[in-house]
Amino acid sequence: MTITPKNKRTSSIPKSQTATIGGEEVLKKLKGVEGDHSIAVGLSGGVDSSLTAALLVEAGWNVEGITLWLMSGKGSCCTDGLVDAAGICEQLGIPHHVIDARETFQREIIESLVKGYQEGMTPSPCSKCNRFVKFSPILEWAEQNLGLKRIATGHYARIKHLQEPIKISSAKENQIRRHQLLRGLDQNKDQSYFLYDLSQEILEKVIFPLGELKKADTRKEASRIELRTAEKPESQDLCLAEHHGSMKAFLDEYISPRNGEILLSNGQLLGQHDGIEHFTIGQRKGLGIAWKEPLHVIEIQSSTNRVIVAPRSEASRDNCTVGSINWVSIEPPSKKTIVEVQLRYRSKPVLATLTPIKPLKKDIENDRPYRCNLQFQSEQFSITPGQAAVFYEGEILLGGGIIEGN
């Protein structure tokens, strides 16, 4: 679906307002980008993607907005997001295109998410969604239908383009690839963790204008430009949870109740549950059992349909296995390498020794033929299978994969 003005509209960005210092720097860099200044912007209807489009327009780029239709119904990924994105495009005087991605989203995200929960994991769908549903499809569609070879999004991350590969200190035999993925400068908003699955081919064509802004500056810039989404609140939940009301409601829609046992780590029966999909490693609240001390989930057994709980002291581990690894900014290490590992979004990176191991057949078939063992320098609480483990050296995102287990 495409909504294109018959006659080119004039942007309603106020001309008299002066950009913030951060905004001025972004505009200067956007104006200085080499090559064709025509670009597609992924618009969700939120303030971040709205400002991304607005700054590009203000910097003189030829901008076209693209919104993915992921689900039917209300919510930021559904009708509400489409309406707000269309309104922003009207305000900026740019065309708005809607891609019906519901079938892809159902296949690549919903079905795999349900399967993961049934297997006792806690999947992290956002990284996979970025890879399979957002960046690649938008780039392909924009090039085929609009002749555009670049895309911008409102993610808080940065990309550094190098003329030639260079060495880095973490693994002297490894070369950094030409297009490095870096953390966003706003440490509280950095979203590089969710982008570890992007390829070099994608990074070459992507621009993240907000990567050097703080969230507060984004709000100020959006207010300066008088964007209609300037005060729109951020979504606090996974889009599926927001769409269904809660994650439990989403899972109940796709997975039938299946009663099982809740056991103490010594084998003592403590209670019953109605589905392993409602539990995650480290969980303490909502277990439905009473005990003399707080208990945490330490294991979810899909084969026996059992949930194992124990005191917090038993919920920490000093190692894990990671599979389906995508090496973003360096070539795959062939030897042991010291890396900083982020085990969940906004968690503090911890040091670990990464040892490459033999890949699984499924990883090879999915073009992710890399696995590793991580040995942490100290025990980590609630290492959760299904979540992403992302490797850094300082601000450089080296790569990442999916936690398989201990």
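Placement of Cβ uses the backbone N, Cα and C atoms for every residue, glycine included.
Noted in Swiss-Prot for the protein shown:
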BINDING   G42, L43, S44, G45, G46, V47, D48, S49, L68, G154  ATP binding site
DISULFID  C129-C239  disulfide bond
ACT_SITE  C129  active site, nucleophile
SITE      H155  site 'Interaction with tRNA'
ACT_SITE  C239  active site, cysteine persulfide intermediate
SITE      Q387  site 'Interaction with tRNA'
Compute the C-alpha separation of L68 (ATP binding site) from C129 (disulfide bond), stating it in Å without decimals.
11
What subset of the recorded positions S44, G46, D48, Q387 lies within 10 angstroms of H155 (site 'Interaction with tRNA') at the C-alpha level?
D48
Which of S44, Q387, the listed recorded positions, has fewest other Cβ atoms within 10 Å
Q387
Within 10 angstroms of the C-beta of G46 (ATP binding site), the count of other C-beta atoms across all shown chains comes to 20
Using only C-alpha positions, which one of C129, C239, Q387 is spatially nearest S44 (ATP binding site)? These are the recorded positions in the record.
C239
Select the most exposed residue of G42, D48, H155, C239, where exposure means the fewest other Cβ atoms within 10 Å, treating these as the recorded positions.
C239
How many Å separate the Cα atoms of C239 (disulfide bond) and Q387 (site 'Interaction with tRNA')?
17
Just jot down the residues in the same chain as C129 (disulfide bond), at least 6 apart in sequence, with C-beta under 8 A of its C-beta; none if empty.
F105, E108, I109
